[in-house]
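For Ile38, Arg39, Glu40, Arg67, Ala85, Gly86, Leu87, Glu104, Glu127, Asp150, Glu151, Lys176, the entry in Swiss-Prot reads GDP-alpha-D-mannose binding site, with the evidence type similarity to another entry. Taken from Swiss-Prot, the feature domain 'Nudix hydrolase' applies to 43-180, supported by sequence analysis. Residues or ranges marked as Mg(2+) 1 binding site in Swiss-Prot: Ala85, Glu104. According to Swiss-Prot, the motif 'Nudix box' annotation covers 86-106. Annotation comment: Swiss-Prot describes Glu100, Glu104, Glu151 as Mg(2+) 2 binding site, evidence class similarity to another entry.
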Amino acid sequence: MSVKIENIQCELLSKNWFKLHKYTFDLKTDEGTSVQQIREVYDRGNGATILLYNRQQGTVVLIEQFRMPTYVNGNASGMLLEACAGLLDNDSPEACIRREAMEETGYQVDKVQKLFEAYMSPGGVTELVYFFAAEYHPDQKITDEVGVEDEVIEVVELPFHDALAMVADGRIKDGKTIMLLQYAQIHFFPSSLTPQRC
């Protein structure tokens with residue numbers, strides 16, 4: 001199906017940290033129907049995320065940090081276990097994720113592998129996230145001082161099978177982290193896959 005967007009009107013609703021717009025537009029389908037729609041769109045820029053993994057040790061590095069939206073939506077502590085991530089600041093996704101890995105985990109990773117791109121909440125948010133992975137080694141740990149400004153971050157290194165168990169039992173609820181761990185299960189730790197019985 002193809003659609004055509006016409007008569008777009010945009011109204012700025014908020015410009016605090018990011019921009020919230022209200023769009024009014026006509027949506028025409030290839031069958032000839034036309035419907036006026038109104039949508040609020042939150043523009044927070046694009047981001048990047050990375051899974052640090054050590055195949056030999058069978059471990060991954062995640063971070064735990066306070067996330068107010070999760071607190072508002074029922075996470076009693078507001079703390080979220082997740083993969084390192086950050087917003088692009090007029091730099092490339094690769095440069096962004098190297099910087100974020102250093103700032104949030106203390107690991108200096110040079111060789112990063114781009115895995116894929118995904119819109120994380122396309123019903124209302126513009127953000128496109130670039131997903132990466134990098135193999136880490138203990139000698140790449142440059143500092144234990146992590147986080148910038150007012151971030152509350154703890155670095156968590158754990159066995160890969162424990163991370164998968166935390167997805168299954170609900171201790172890991174972050175979408176990007178679940179996607180990265182499942183990718184790693186298929187591509188980096190295939191022995192963790194359980195054979196299906198017929």
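Cβ coordinates come from backbone N, Cα and C, glycine included.
Sequence features annotated in Swiss-Prot and their locations in the structure.
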| residue | record | contacts (Cβ under 8 Å, 6+ apart) |
| --- | --- | --- |
| Ile38 | GDP-alpha-D-mannose binding site | Lys22, Tyr23, Thr24 |
| Glu40 | GDP-alpha-D-mannose binding site | Leu13, Leu20, His21, Lys22, Tyr23, Gly124 |
| Ala85 | GDP-alpha-D-mannose binding site | Gly47, Ala48, Thr49, Ile50, Ile97, Glu100, Val129, Lys176 |
| Leu87 | GDP-alpha-D-mannose binding site | Arg44, Gly45, Asn46, Gly47, Cys96 |
| Glu104 | Mg(2+) 1 binding site | Ile63, Cys84, Gly86, Val146, Gly147, Glu151, Ile153, Val155 |
| Glu127 | GDP-alpha-D-mannose binding site | Arg44, Gly45, Asn46, Gly47, Tyr119, Met120, Ser121 |
> Can you list the residues of the same chain, besides Glu100, Glu104, Glu151, whose Cβ falls within 8 Å of the Mg(2+) 2 site's Cβ centroid?
Replying inline: Ile63, Gln65, Cys84, Ala85, Gly86, Glu103, Thr105, Val146, Gly147, Val148, Ile153
> Can you count helix, strand and coil residues in the domain 'Nudix hydrolase' (43-180) using DSSP?
Replying inline: 36 helix, 50 strand, 52 coil
> Looking only at Glu100, Glu151, which of these binding-site residues has the biggest number of Cβ atoms within 10 Å around its Cβ?
Replying inline: Glu100
